[in-house]
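K.L.:
Look at TrEMBL and you will find A:33-72 tagged as DNA-binding region. Marked as NAD(+) binding site by TrEMBL: A:Gly107, A:Val108, A:Gly109, A:Tyr110, A:Leu111, A:Gly112. According to TrEMBL, the domain 'CoA-binding' annotation covers A:96-197. The region 'Disordered' annotation in TrEMBL covers A:1-20.
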There are 2 protein chains.
Amino acid sequence: MIPPTPLGMPDEDGSGEIARTDLSTPAVGRLSLYYRELHRLLDSGQTSTNSRDLAAMVNVSAAVVRRDLSSIGSVGRRGVGYDVESLANHIGAVLGSGVHWKAVMIGVGYLGNALLRYRGFERLGFSLAAAFDTDPAKIHQVVGSTKILPMDQLETVLREVKPELAILTVPSEQAKEVADKIVGLGIQGILNFAPTTLRVSSAVAVINVDLASELQQLAFRIQNG
Amino acid sequence: MIPPTPLGMPDEDGSGEIARTDLSTPAVGRLSLYYRELHRLLDSGQTSTNSRDLAAMVNVSAAVVRRDLSSIGSVGRRGVGYDVESLANHIGAVLGSGVHWKAVMIGVGYLGNALLRYRGFERLGFSLAAAFDTDPAKIHQVVGSTKILPMDQLETVLREVKPELAILTVPSEQAKEVADKIVGLGIQGILNFAPTTLRVSSAVAVINVDLASELQQLAFRIQNG
């Protein structure tokens, strides 16, 4: 197993063994789930695990786990398996969780409110530096540990704080305009909850989460199960 | 283009042209997005569209749109494209949106609260029949248009209302127990927001939505972009 580089930062020596760029989106999603389960094991004091147990936790086959982990250079030892902490650190390094990512949220409606209170983000190294809304009644409230600021401070704060990520929880009609604005201010990735597909510069990473679409996919599976 | 069957119900004559069971999960996801965009066009009064415009709305190639639509039996007419309403109805029938799906929610924390107020579900034919929570302060409140009931009424209500779907917004530690219980009461599909992978009977469809994992995938893309 390749030891994680100091501070969990991606290595920059060009070996390509830590920071992989050729992982598929589903593989990255699974790594993220292994990472979550490994941290649960760590919290419970467990020090070693194996591909079969990890597979059961994430609902994939043990072969998929072994392939995913070997693709990032982690090979379990026969009869011993994987060291939980080393593996967690290694996956964390690949996923960039050792990096301290700064995020801002635009639009603090009910969903934004719920996401600001969600502790799962901080655990993964994301800090929500600020949230923005147009509603005067919400301005200067602190939700979770994030202060809500007026939209007219967006530019100043983004130039100062330099967040990499934005969580977009505005109505669909405003999503495009807000996205263009924050991309212009240096945002590199957007997690978009507005039920519209964002089209921004290809240099910007966008993940669209459409909750109604998820429910629709579930219904499709039931209907055709 | 195959006309949708009456009431948008999947056809049952065995032709297999409406209710397709061999669509991949990503294809179903894309159909769900076309459906959303077609309804936006309908709302704006637009009557026809084409694969290129649909592709731009959903951020895929026109070839992918044509392949997806032809896989469900919809072929655009050269120089004319697709009739917006017919296509929306047809995709709706494939996705089961003509069916009236009943859902319940278990766990009304901040996220549950936000989801109960989300109007996107109703538009797609999902009704949230009831929500359940253990907190006495929340019981009998109406959020959105859904009443919050005590957990000890779960069994009675599920046997009476017979919902097909459940939205699980409980803490991770409770997810497994609650899932087993509602599956025992006849729930056929679970949209799970608890950050843990649910393992239930293979006869039950489960879609896990892990919001922290989505943010982690976004960070990975930025780091490796």
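Note: Cβ is positioned from N, Cα and C throughout, glycine not excepted.
Automatic, uncurated: that is what TrEMBL annotation is.
How about a rundown of where these features are and what they're close to?
P.N.:
Within the chain carrying the DNA-binding region (A:33-72), a Cβ under 8 angstroms from the stretch's Cβ atoms is held by residues 17-18, 20, 23, 27, 80-85, 87-88, 90-92, 94-95, 97, 123-124, all 6 or more beyond its ends.
Around the Cβ of A:Tyr110 (NAD(+) binding site), the number of neighbouring Cβ atoms within 10 Å comes to 18. In three-state terms derived from DSSP, A:Tyr110 (NAD(+) binding site) belongs to a helical segment.
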K.L.:
Please work out which residue of A:Gly107, A:Gly109, A:Gly112 has the most C-beta neighbours within 10 angstroms of its C-beta, and give that one of the binding-site residues.
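P.N.:
Per the Cβ count within 10 Å, the most buried is A:Gly112.
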K.L.:
Please work out the number of neighbouring Cβ atoms within 10 Å of the Cβ of A:Val108 (NAD(+) binding site), leaving out its own Cβ.
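P.N.:
Excluding its own Cβ, the number within 10 Å is 25.
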K.L.:
Tally of helix, strand and coil residues over the domain 'CoA-binding' (A:96-197) according to DSSP?
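P.N.:
Once the DSSP states are binned, the domain 'CoA-binding' (A:96-197) shows 36 helix, 29 strand, 37 coil.
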K.L.:
How many other Cβ atoms are found within 10 Å of the Cβ atom of A:Leu111 (NAD(+) binding site), counting all protein chains shown?
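P.N.:
That number is 23.
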K.L.:
Which ones, of the binding-site residues A:Gly107, A:Val108, A:Tyr110, A:Leu111, are Cβ-proximal to chain B (under 8 Å)?
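P.N.:
Listed in sequence order, the binding-site residues near chain B are A:Tyr110, A:Leu111.
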